[in-house]
Amino acid sequence: MTAKDIIFDSDARAKLKVGVDKLANAVKVTLGPAGRNVLIDKKFGAPTSTKDGVTVAKEIELADAVENMGAQMVREVASKTSDVAGDGTTTATVLAQAIYREGLKNVAAGARPIDLKRGIDRAVKEVVAELRNISRSISGKKEIAQVGTISANNDPEIGELIAEAMDKVGKDGVITVEEAKGMDTELKVVEGMQFDRGYLSPYFVTNPETMEAEIEDPLILIHDKKIGNMKELLPILEKSAQSGRPLLIIAEDIEGEALATLVVNKLRGTLKVCAVKAPGFGDRRKAMLEDIAILTGGTVISEEKGYKLENATLAYLGQAGRVNIDKDNTTIVEGKGTQEDIKARINEIKGQIDKSTSDYDTEKLQERLAKLSGGVAVLNIGASTEVEMKEKKARVEDALHATRAAVQEGIVVGGGVALIRAIKGLANAVADNEDQKTGIEIIRRALEEPLRQIVANTGTTDGAVVLEKVKAAEGDFGFNARTEQYENLVEAGVVDPTKVTRSALENAASVASILLTTEAAITDIKEEKSDMPAMPPGGMGGMGGMY
C-alpha cells in the first residue's frame with residue numbers, strides 16, 4: 001500500500017482554499033453578459049474556446065494533491081448543477097467560493113464548523129422557499145426565447161430558434177442539437193412518429209427521384225416476431241387487398257419466401273405494400289411497437305397476448321394519414337389512434353420517467369414520449385470554423401437545458417437580483433446559537449457575490465455601488481450588465497430559470513459545508529524518482545568461457 005501524507009486543521013483548510021480559489025477564479029471570469037472566454041489547450045486538435053463554467057471546471061487538474069482536492073470538490077458543484085439544471089454552473093461556483101471563504105474566516109475565529117453548517121443549511125432552505133415564492137411560470141414563446149437568449153450568452157438567434165422548436169413540438173417534445181454541414185443555423189421539424197428503420201427492399205420505393213416509399217392512408221400490420229412463411233401472412237394480405245388500401249408491415253424481420261412474395265406482388269401492382277423492421281431491441285422494441293399500435297389505433301399481433309398472425313383480421317390493423325419511408329427512417333404521420341388512449345400512454349411513460357434511475361433509460365423514455373406527443377425538432381448548428389461550431393453547439397445545449405428548466409419550475413429575475421431579493425427569506429431562518437446565526441449571515445453575504453461578480457466582469461462599474469442601489473430597490477429592478485443601465489430586468493428580458501438559481505445555491509452550500517467541516521486531508525506521498533541510470537541489458541559481460 002502506498003504511504004500517505006496527512007495534514008490537519010488550518011494547514012489543510014488553507015491548502016483546500018487555494019485549490020478552491022484557483023478553480024473558481026478561472027471559472028468566474030465567464031459570468032454574465034460581459035464575461036470573458038477561456039481558452040483550453042487540447043493535446044489533439046485545436047484549442048477549445050468556451051464561456052461555459054462547467055467546461056472550464058472539468059479541465060482543471062492541479063499539481064498539488066490537497067489543492068486539487070479542493071478544486072475537485074468545487075468542480076463537483078458545477079457538474080451537479082449542470083446535470084440537474086443544465087446551466088448556472090458559474091453562479092454555483094461563485095457561491096461555493098463565497099460560502100467557503102466567509103466560513104473559513106469564522107472557523108479561524110473559533111466558530112464550531114458543525115454549527116456553521118447547520119446555520120447554512122437552514123438559511124438555504126428559507127432562501128429556496130423565497131425563490132419559489134417570487135418565481136413566475138412561463139408559457140409564451142417570447143418568455144421562452146428570453147430564457148434561451150440569456151443562457152446562450154445573449155444570442156437572440158439561439159433564443160428564437162429554441163422558442164420556435166418548443167412551439168412546434170411542445171414542451172415535452174424531443175429537441176436534438178446537431179452540427180450542420182454549412183454555415184447557417186436552422187431548425188428542422190419531423191412531424192409524427194419517426195423511428196430509425198427503413199424499407200427492407202428498395203423495390204418498395206414509390207418515388208424513384210427521392211428513393212422514398214410514400215404511402216397514403218395505409219393499414220398498418222404490427223407483429224413482434226419474424227415473418228418467413230408466406231402461409232401465415234396470406235390471410236391478412238388478402239383481406240387488406242380486398243379493402244383496396246395500401247399495407248405497411250412492421251415486424252421483427254421479414255425474410256425468405258415472405259419478403260420475396262411481397263416484392264413480386266408489389267412489382268406486379270397486385271398489392272400496394274411496404275415492409276420495415278421493428279425499431280429497438282428486446283423489451284424496448286416491445287414498448288415501441290405498443291406505442292406505434294396506440295398511435296395508429298391498432299393491436300400488436302403477439303403470441304404472448306394470444307394473437308396469431310394467420311388469424312389476424314382488419315380490426316387488428318392500425319391506420320394513419322400518411323407514412324414516408326426512406327432507406328434509414330420510417331415516419332408515421334396522423335396516426336388514427338384515439339386521443340384518450342394516446343394520453344393514457346403518455347401519462348404511463350411520464351410515470352416511468354419519474355421512477356427511472358438511469359440517465360440512458362430516461363433519455364429513451366423522453367424520446368418515446370416526444371414521438372407520441374408531437375414530434376422531434378432538430379437544431380442544425382452552423383459556423384465558419386470547427387472551434388466556433390463546438391463553442392456555439394455547447395451554448396445551444398446549455399440554452400436548451402435552461403429553457404426546459406424554466407418550463408418546469410418557472411423563472412425569476414436574472415442578473416443576480418433574484419438572490420438579493422431572496423435574502424428577505426432569511427428572516428424566517430431560526431438559529432439555536434451564535435454560530436448557527438453566523439452560518440445564516442454567511443449565506444446573506446454569499447448571496448450578494450454573483451451580482452458583484454457580474455458587475456466586476458464589466459470592468460467599468462463599482463460592484464459595491466451597484467449592490468447598494470439594487471438592495472435599496474424592490475422587485476425586478478436591477479443592473480443590466482449588457483447595457484450597463486439600471487432598469488426593470490424582466491421587461492428587458494434578463495431572466496433566469498428558478499431551477500437553475502435554486503440548484504446553484506443548494507449544490508454550492510452542500511459542497512462548501514463539507515469543506516468547512518473538513519479537519520484533515522489525506523494524500524499519497526509521491527515517490528522520489530531515482531537519478532541512477534538503468535543497468536544495461538544482457539547481464540554481466542566479459543565472462544565468456546566460464547563454466
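Note: Cβ is positioned from N, Cα and C throughout, glycine not excepted.
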* In Swiss-Prot, THR30, LEU31, GLY32, PRO33, LYS51, ASP87, GLY88, THR89, THR90, THR91, ASP496 are given as binding ATP, so which of GLY170, GLY173, GLY415 is in that site too? -> GLY415
* Asked: When the number of other CB atoms within 10 A of each residue's CB is tallied over all shown chains, which of the binding-site residues GLY32, GLY88, GLY415 has the maximum?
  -> GLY88
* To do: In whole Å, could you give the widest CA to CA gap in the ATP site formed by THR30, LEU31, GLY32, PRO33, LYS51, ASP87, GLY88, THR89, THR90, THR91, GLY415, ASP496?
  => 17
* Asked: Whose Cβ, among the binding-site residues THR30, THR90, has more other Cβ atoms within 10 Å than any of the rest?
  -> THR90
* Which same-chain residues, if any, lie at least 6 apart from LYS51 (ATP binding site) yet have Cβ under 8 Å of it -> THR30, GLY35, ARG36, ASN37, VAL38, ASN153, GLU391, ARG395
* Structure fact -> GLY88 (ATP binding site) falls, by DSSP collapsed to helix, strand or coil, into coil
